[in-house]
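Here is what TrEMBL records for this protein:
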{"type": "TRANSMEM", "residues": "7-39", "note": "transmembrane segment"}
{"type": "TRANSMEM", "residues": "45-62", "note": "transmembrane segment"}
{"type": "TRANSMEM", "residues": "69-91", "note": "transmembrane segment"}
{"type": "TRANSMEM", "residues": "97-115", "note": "transmembrane segment"}
{"type": "TRANSMEM", "residues": "127-148", "note": "transmembrane segment"}
{"type": "TRANSMEM", "residues": "168-186", "note": "transmembrane segment"}
{"type": "TRANSMEM", "residues": "193-211", "note": "transmembrane segment"}
{"type": "TRANSMEM", "residues": "223-240", "note": "transmembrane segment"}
Amino acid sequence: MTPGTILIFLAAALIGSFIQTVSGFGFGIFVMSIFPYFMPSYGEGVAVSTALSLTMTVIIVWKLHKHIIWKWIIPPICSFFVVSAVCITLSAGQDQLLIKLLGGALILMSIYFLFFSGRIHIRPTKINGAIAGGLGGVLGGLFGMGGPPMVVYLLSLSDSNEQYLANIQTYFVITGTFTFLVRVLNGMVTATVLTYWAIGIPILFLGIFIGHKVVKRLNPDNLKKLVYVFMALSGLSMLIK
C-alpha cells in the first residue's frame, strides 16, 4: 500500500460517495472500475466496496430516517433475500455476454425512463415491490448490482428527493448487511479489507456532505433525470469492459 495507491483509493471513494448521495446508487459500480487495478485480489476489492458502501448508506439513512416508508421496502427486501440466495448458489461465475446484455438493457431502460418517466406511475403494492426486489435479487446475485430495479420502483413512488434517498438507502443497508455477512462467513473480509475500510471512512463523510449540498438544490424531476443518465453511463461501462 503506497502513498500513490492510497490517494487513488481515497479519490475513488470520494467520487463514489458523492455519486451515491446524489443519485441514490452507484458507489459500487464506480469504485469497482478502479479498485481491481491496485487491490490484492478482485474479491478483496468487492469486499472493501461492500464495507464502505454499507457504512455510507447507514450514515445517509441516519440523516434521512424520518422519510422512511417501511411498507414500500419490506416486500422488496423479502423477495431480494430469497431470489439472490438462489442466484448466488446457482451462479458459478459471470458470463461476459450476459454482463454486456445487462449493460445494453440498462441503457435502453434509462433512455425510456428519461423520455417517458412522466407517464409512468408504479403503485406501491406488495406484488410490485416483490417484483422489483426479485429483479434486484437476480442482478445482485449474478452480477453484484441489484440497485437499478429498486431505483426505478422508488423513484416512481417518491414525492421528494429526501423520500427517495431515505428509502433506497434503507433498502441498501439491509441488503448490503446480508451480502457483507455472507462475505465474512466465506472468509473474504481480510486484514487488508479492514485496513482500506478504516482509511476510507473519513472520506465518505466529505463525499456525503458535498452530495447533500447538491441534492438540496435539485428538484425531484432533475434528480430523476440525473439518476437515469448515470444508469445509462453504468450500462455503457459494462458494454465496453
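Cβ coordinates come from backbone N, Cα and C, glycine included.
Predicted automatically and left uncurated, TrEMBL annotations should be read as such.
Among the listed stretches 168-186, 193-211, 223-240, the one sharing the most Cβ pairs under 8 Å with the transmembrane segment (7-39) is 193-211. Among residues of the same chain six or more beyond the transmembrane segment (193-211), those with a C-beta under 8 A of the stretch's C-beta atoms are 1, 6, 9-10, 13-22, 39, 44, 47-48, 51-52, 55-56, 59-60.
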